[in-house]
Amino acid sequence: MAFSKGLIFAMIFAVLAIVKPSEAALDAHYYDQSCPAAEKIILETVRNATLYDPKVPARLLRMFFHDCFIRGCDASILLDSTRSNQAEKDGPPNISVRSFYVIEDAKRKLEKACPRTVSCADVIAIAARDVVTLSGGPYWSVLKGRKDGTISRANETRNLPPPTFNVSQLIQSFAARGLSVKDMVTLSGGHTIGFSHCSSFESRLQNFSKFHDIDPSMNYAFAQTLKKKCPRTSNRGKNAGTVLDSTSSVFDNVYYKQILSGKGVFGSDQALLGDSRTKWIVETFAQDQKAFFREFAASMVKLGNFGVKETGQVRVNTRFVN
């Protein structure tokens with residue numbers, strides 16, 4: 001069916017007209033005049049931290065997800081607890097979030113270059129893009145202009161989707177943040193550079209159900225390997241666990257290939273193969289890395305726009321409100 005140029009432009013303007021004001025407020029060139037070196041400063045900080053600690057990319061990407069999923073992308077995950085309030089970073093799902101120092105370091109440098117200009121929320125969003133790119137993944141232009149939140153509550157971290165969710169629960173959780181089924185499967189691909197402690201998946205390895213000792217959706221040999229990494233002994237190291245795909249330092253589509261082989265570490269990951277709503281997406285990305293990269297960049301922009309505040313502050317210190 002052919003469309004005239006006039007009709008196409010009309011359709012584009014119609015779409016732009018329904019964009020939420022909070023999303024429209026963001027701009028890829030937001031700091032071009034006020035802090036032109038902002039992205040360079042953040043990139044150099046992230047790159048140096050990654051050279052020192054290869055775990056930084058996975059940690060900062062996870063930080064971005066956990067920040068955006070609570071009150072939107074507002075850097076509330078960075079705030080410290082006080083005597084009267086337990087903050088997000090001390091909520092159970094966030095106890096294992098690490099590498100806050102990287103964001104703090106970037107923010108200190110930005111305050112010297114451009115005082116009270118670049119928000120902590122934008123630093124997290126840009127850093128998340130940078131760690132993906134530095135790990136071999138896609139690049140995208142980060143929309144900027146977020147404001148930093150002043151509220152951070154540990155009890156709200158219960159809204160983060162746990163690794164035990166089934167597909168219906170995952171779909172509902174992501175939909176509450178304006179994300180589609182495809183966005184959910186795509187963003188789950190961030191686990192390609194992830195690591196998990198045993199506590200997040202060991203329920204799949206033993207006494208799984210009344211009828212199965214091991215989760216039947218898991219590759220048996222893979223389950224035995226994980227059992228060795230997570231022995232049920234009193235002297236098991238507190239950091240015992242496993243990477244979430246076999247090329248954990250590289251951002252690629254191996255995560256999806258492993259799901260096809262029954263080697264998804266989390267129950268929520270492997271469940272994506274058992275549901276017709278998500279199976280085709282897993283299969284597509286396992287076969288086409290370029291498609292995964294393209295969709296991941298788009299979904300990250302979409303997640304980064306969630307809950308953006310039109311009013312707020314540009315925090316001077318990442319850990320405290322002004």
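Cβ atoms are placed via backbone N, Cα and C, with glycine included.
Summarising the annotation, Swiss-Prot assigns active site, proton acceptor to H66 and lists sequence analysis as the type of evidence. In the shown protein chains, 20 other C-beta atoms lie within 10 A of the C-beta of H66 (active site, proton acceptor). In the three-state DSSP reading, H66 (active site, proton acceptor) counts as helix.
When Cβ atoms from all protein chains are considered, those within 10 Å of G72 (Ca(2+) 1 binding site) total 20, not counting its own. G72 (Ca(2+) 1 binding site) falls outside any helix or strand according to DSSP and counts as coil. Under the heading Ca(2+) 1 binding site, Swiss-Prot lists D67, G72, D74, S76, citing sequence analysis as support.
Residues or ranges marked as substrate binding site in Swiss-Prot: P161. For P161 (substrate binding site), the same-chain residues 6+ apart in sequence whose C-beta sits under 8 angstroms from its C-beta are F69, Q169, L170, S173, F174, S268.
According to Swiss-Prot, the heme b binding site annotation covers H191. Using a 10 Å radius centred on the Cβ of H191 (heme b binding site) and all shown protein chains, the other Cβ atoms total 26.
Around D252 (Ca(2+) 2 binding site), the same-chain residues six or more apart in sequence whose CB sits under 8 Å from its CB are G136, G137, T192, Q289, listed in sequence order. Taken from Swiss-Prot, the feature Ca(2+) 2 binding site applies to T192, D245, T247, D252.
Annotated disulfide bond per Swiss-Prot: C35-C114 (among others), in sequence order, evidence recorded as sequence analysis. Neighbour density for C35 (disulfide bond): within 10 A of its CB lie 18 other CB atoms from the protein chains shown. In the three-state DSSP reading, C35 (disulfide bond) counts as coil.
Here Swiss-Prot flags C68-C73 (among others) as disulfide bond. Counting only same-chain residues at least 6 apart in sequence, those with a Cβ under 8 Å from the Cβ of C73 (disulfide bond) are F64, D67, A121, I124, A125, R146, L303, G304, N305, F306, G307, V308.
Following the DSSP three-state reduction, the secondary structure of C198 (disulfide bond) is helix. In sequence order, K229, C230, R236, A240, G241, T242 are the residues of the chain that are 6 or more apart from C198 (disulfide bond) and have a CB within less than 8 Å of its CB. Per Swiss-Prot, disulfide bond is recorded for C198-C230 (among others).
Close to N155 (N-linked glycosylation site) in the fold, though at least 6 residues off in sequence, lie Q86, G91, each with a CB less than 8 Å from its CB. Taken from Swiss-Prot, the feature N-linked glycosylation site applies to N155 (among others), supported by sequence analysis.
Other C-beta atoms found within 10 angstroms of the C-beta of N166 (N-linked glycosylation site) number 13, with every protein chain shown included. If you look up Swiss-Prot, you'll see N166 (among others) marked as N-linked glycosylation site, on the strength of sequence analysis.
Look at N207 (N-linked glycosylation site): DSSP puts it in coil. For N207 (N-linked glycosylation site), the Cβ neighbour count at a 10 Å cut-off comes to 10, with all displayed protein chains included. Taken from Swiss-Prot, the feature N-linked glycosylation site applies to N207 (among others).
As annotated by Swiss-Prot, signal peptide applies to 1-24.
Counting only same-chain residues at least 6 apart in sequence, those with a Cβ under 8 Å from the Cβ of R62 (site 'Transition state stabilizer') are V97, G190, G194. Summarising the annotation, Swiss-Prot assigns site 'Transition state stabilizer' to R62 and lists sequence analysis as the type of evidence.
Between the candidate disulfide-bonded residues, C68, C114, C230, the densest Cβ environment within 10 Å is the one around C68. In this structure, the binding-site residues D67, D74, D245 were compared by how many other Cβ atoms lie within 10 Å of their Cβ, and the smallest count belongs to D245. For T247 (Ca(2+) 2 binding site), the same-chain residues that are 6 or more apart in sequence and have a Cβ closer than 8 Å to its Cβ are T192, V254. Between the CA atoms of C114 (disulfide bond) and H191 (heme b binding site) there is a gap of 34 Å.
Taking the binding-site residues S76, T192 in turn, the residue surrounded by the fewest other Cβ atoms inside 10 Å of its Cβ turns out to be S76. Of the recorded residues, C68 (disulfide bond) and D74 (Ca(2+) 1 binding site) place their C-alpha atoms 7 Å from one another. Cβ proximity to the Ca(2+) 2 site centre (mean Cβ of T192, D245, T247, D252, cutoff 8 Å) flags the following additional same-chain residues: I193, S246, S248, V250, F251, N253, V254, Y255.
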